[in-house]
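Here the structure comes first, spelled out in structure tokens, and everything after it is commentary.
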Amino acid sequence: MSTECLKPQTGGPQSQSLSQGGQYGALASGTCLPPSTSVSWSLPRWRAYLAAAVLCYINLLNYMNWFIIPGVLLDVQKYFHISDSHAGLLQTVFISCLLVSAPVFGYLGDRYNRKAILSFGILLWSGAGLSSSFISYQYSWLFFLSRGFVGTGAASYSTIAPTVLGDLFVKDQRTCALAVFYIFIPVGSGLGYMLGSTVAELTGNWRWALRLMPCLDAVALALLILLVPDVPRGAAEKQGEVAVRAPRSSWCEDVRYLGRNWSFVFSTLGVTAIAFVTGALGFWAPKFLFEARVVHGLQLPCFQEQCHSQDSLIFGALTVATGIIGVMLGAEASRRYKKVNPRAEPLICASSLFATAPCLYLALILASRTLLASYVFLALGELLLSCNWAVVADILLSVVVPRCRGTAEALQITVAHVLGDAGSPYLTGLISSVLQAERPDSYLQHFLSLQHSFLCCAFAIVLGGGFFLLTALHLEKDQAWARQPGKGTLDSKVIASRNTESQGLLSGTSTPTE
């Protein structure tokens, strides 16, 4: 074993930039450094804000791609001749590919150039989305496969982008940055519904929505390459000092560390409950509202491919408005309440979920009696759900050490999707189809079947609130551990022995290489 010495880089500014060997600062001058040495790294504040703005824009497009298909679901069902259960499988394929890919991207994001991985994800989801718009109705399986590739591309961004933000900001600035970033989950979701339904209405063809998105994705890719730096991991916490050549734990060691981090475990289960509800609601709500309008005599049933439904547009606008307000309320409540209660974040999540359950239940039950009340309670439920997005991300970043946040994000995404929105759209559609088969063949019974299949969401959200209460019990201990200097995913004895070995080699038997 020998100590690696890099040749000096030419030019002053390069002493602070990333060299070809992946090292920073002093390493560019050719100095031999022990494995745990820290070197200075800094980024002008305006560059950090600009990078955050680009990441937010791409997050907007990411979630628009998620929800374009639900926005034109009736048209897709008519075109490919698929039932409710098979339509729900569309989102299940999307989410399944996302969750299978997330651990891979998390592993890569903790070890390799995150900017390159993000660029690959954008190219993959935009290419798959564009190609899916040219698939003939005889090849519905190919359309399902293309949605899987879109999910794989989305996994790279959902896993890695929050960790980049976490390395740009700390404390209240991080909370605010995450709030703005996660505003674009409901905003992007709502705009996805609106774009899909509006473009289908204007062009008479739902496929043009899928052909428009790659143009926006191309702009996003250019902005990412030009304006977002490859930030060193943990740069913000170390206040300008970043660890160089620190001992790198294996993926299994990272997972064992996260499995013992109870705040991470319970908050992940809470996020899973949220994902279960938002997955089912996001996919089926436009159709549910459309059928409610038919039951009330406000809309004719759809028996043709182009259904001309305004419900996707209405639901999208509700999602955008409640998402913006909810994320801001949640982030601001967290920022203020943390000053008087260090366990504020999980308590805010728990209380918002407990309040969401009755709102969602009433929105479903009242839909057959009064549409206005159903819309009001649906909006309140979405508002309360949106309060959690920035807060749960802040919890993860505060209780997990910087060196394995990508893995933590990936595991949280994987668990949330496996047990949450990967199956909830399909489960909801399957229950609806089973209930329809046992009832008279009428539009009212179709509506009631979908309504009753939704009720499991109200119970799932209560479980999520309980998991966040458990998170509050462990939060302070896990945050204190993550803040300790030099803490990683390896046991401290292992780190100490590796550093002692390295120092011994430096002072004794090793021969520097050129």
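All residue numbers here begin at 1 and follow the chain in the order shown.
Glycine too: its Cβ is placed from the backbone N, Cα and C atoms.
Per TrEMBL, the features are as follows:
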REGION    1-22  region 'Disordered'
COMPBIAS  9-21  compositional bias 'Low complexity'
TRANSMEM  48-69  transmembrane segment
DOMAIN    51-476  domain 'Major facilitator superfamily (MFS) profile'
TRANSMEM  89-109  transmembrane segment
TRANSMEM  116-135  transmembrane segment
TRANSMEM  141-165  transmembrane segment
TRANSMEM  177-196  transmembrane segment
TRANSMEM  208-228  transmembrane segment
TRANSMEM  264-285  transmembrane segment
TRANSMEM  313-334  transmembrane segment
TRANSMEM  346-366  transmembrane segment
TRANSMEM  372-401  transmembrane segment
TRANSMEM  413-432  transmembrane segment
TRANSMEM  452-473  transmembrane segment
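Remark: the transmembrane segment (48-69) makes no contact with the transmembrane segment (372-401), by the rule of 3 or more CB pairs under 8 A.
Across 141-165, 413-432, 452-473, stretch 141-165 shows the highest tally of CB pairs under 8 A with the transmembrane segment (116-135). Highest Cβ contact count with the transmembrane segment (177-196) among the listed stretches 141-165, 264-285, 346-366, 413-432 falls to 141-165 (criterion: pairs under 8 Å).
When Cβ distances are compared across the two stretches, the transmembrane segment (413-432) makes no contact with the transmembrane segment (346-366), since fewer than 3 pairs at least 6 residues apart fall below 8 angstroms. Between the transmembrane segment (372-401) and the listed ranges 141-165, 208-228, 264-285, 452-473, the one holding the most Cβ pairs under 8 Å is 264-285.
Residues of the same chain lying 6 or more positions beyond the ends of the transmembrane segment (208-228) and with a Cβ under 8 Å from any Cβ of it are 50-51, 54-55, 57-58, 61, 64-65, 68, 71-72, 115, 118-119, 122-123, 125-127, 129-130, 132-133, 164, 195-196, 199-200.
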